[in-house]
Structure formats: C-alpha cells, structure tokens
Amino acid sequence: LRVKIPTRYKRVVTPRRAGAAVVMCWMVAFIVGLTPMLGWNNLKRLQENGSISSNLSVTCQFETVISMDYMVYFNFFGWVLPPLLLMLAIYAEIFYMIHKQLNNKKITSSYSDPNKYYDKELNLAKSLVLVLFLFAISWLPLHIINCITLFCPQCKKPIVLLYIAILLSHGNSAVNPIVYAFRIKKFHTAFQKIWQQYFCCKNTPTLDFQQSERKEAPNLETQQAAPLQPTQLDDFKSYPPLQPEQPSPEGNQKIKTHQKPHNHHPAMEQNAV
C-alpha cells in the first residue's frame, strides 16, 4: 500500500487498523495451531484399530499423534501454500510498480525526492522478500516430507533429512530478527535502542519514525499539479515558449530618448548666423 497509494497510505493504514490486522492474524494462527488439540488427531483412529486401549497412553511422537490429513490438506494446502503464492504475487507487483516509478522520466526533483523514496521502498521490499525466501526454504522441506508420508506410506524417509527439516522449521523464527536488524534500518535502530536502554542501562531518546516518514514520502500531489519542466534539449522544441519579458520603465525612457528628434534652439541658430 505504501507503493500503490503513497499519498493516502497514512489515512488508510491507521494504527487501529494495523493493530486489528495483527490481532486477527494471531487469532487465525491460534485456531489453526490448536486444531489437533480440539480433536483432529490420531487418537480416535488408533483406538478404533485396536492399537491401544482407552486406558493406555500414546507414545508422544509427531507422526503418531498428529494426523497427516491435517498437516497436508488443512495446514499445508490451506494455510501455508496459498499465502506463500499470494505473497510472491504481491511482491512481484511491488517490484514492477517501483521499477516503473523509478524509470518514469516525468518524475522530477522536489522538496522530497521521489527517486530516493522509491529506492528506499525497493530496499525494504528486497528485505521482506529475503524473509519470505527464508520462510520457504525453512518450512517447505518438512511439508514435502509430510506429503510423502501421506501419499506414499511405503516410501522410506531418511531420519537425518527429517531432523534437518525439523531444525530448519524451528530455526526460521530465530533467523527473522537477525534479517530485520541487519536489513531494515528502523528495526536496527529499535533493537539498538532496546539493547542500550535495558541491557546497558543508558537513557536513549524516544524514536520518532513518523516524522522521518513524512520527510521521506514523495509529494506526488504537488508534482502532479506543477507544470513539467523540460529535462533534455529536445524537450525545449515542444515546450511552450516563455512569455516575453516586459521592458522596465528605465528601458522605455531610454528608447523614447533615442527616438526623440533633436530640435535646435532658435537662439543658437541666430548666433550661428
């Protein structure tokens, strides 16, 4: 939205709406994650097959407890793969729009340089794409192994690959803060402030990101209202000519002085005679 509607972003994305979106995401995550505890697990199936009795406990192993139908159809095909593809499409659109704005010759420099603004948005988009890429390589191996377990039960899976996939999925959450801190300046500044304030016991000034965003946001409305200036020599041919300058009063007086006829004084003529 910052790229698509930069002039209306502050009015559309308010803190209240952003907080509501975050709360909604966490609620969906809790519902999806706690679904096996609500009954979608292998306990009932094991009891029906006679593998265990109602009085015995189940061995706490992931594939023994968690249903692969839940992991593949509900979790992977429903809540992992579609958002991943959607985010790829959104970031492709973001890169297209940013490159289009940067290559637009009609954008000129003003109070806030639009090229600098879109360069910053491009770097931010690259950082978020890196986070998305790390998420994909961290979680896809485990989901692929789950698909193999469901669709090919007789296939053997090396236990080493399973452990590596589990470590990757858990390590993704530890990598994201590092990427944010080194790639995004605001996160780096915020982490540095937290470290100095709570670990080094130093008083640091309050961060004001809104002021910096207002300075960096391009004034596109002013640019659209202002007339375009020629940027190349060829543009002067089609650019409307400037109005001729009005001569100053002193210039008019000089012109009138030069145009005034020289009248000889009668007394001078008599003396000459």
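Start at 1 and count along the chain as shown; that gives each residue its number.
Any Cβ shown, glycine's included, is placed from N, Cα and C.
Taken from TrEMBL, the feature domain 'G-protein coupled receptors family 1 profile' covers 1-180.
Under the heading transmembrane segment, TrEMBL lists 20-40 (among others).
The transmembrane segment annotation in TrEMBL covers 76-98 (among others). Counting same-chain residues at least six beyond the ends of the transmembrane segment (76-98), those with a Cβ under 8 angstroms from any Cβ of the stretch are 3-4, 28, 32, 118, 121-122, 125, 128-129, 132, 135-136, 139, 143, 146-147.
Outside the transmembrane segment (128-151) by six or more residues, the chain places 63, 68-69, 71-72, 75-76, 80, 84, 87-88, 91, 157, 161-162, 164-166, 168-169, 171-172, 175-176, 179-180, 183 with a CB less than 8 A from a CB of the stretch. Among the features that TrEMBL reports, transmembrane segment is placed at 128-151 (among others).
TrEMBL lists 163-182 (among others) with the feature transmembrane segment.
As annotated by TrEMBL, region 'Disordered' applies to 213-273.
If you look up TrEMBL, you'll see 220-232 marked as compositional bias 'Polar residues'.
The compositional bias 'Basic residues' annotation in TrEMBL covers 255-265.
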* To do: Report, as numbers and ranges, which residues of the same chain sit near the transmembrane segment (163-182): CB under 8 Å and 6 or more residues beyond its ends.
  => 127, 130-131, 134-135, 137-139, 141-142, 145, 188, 191
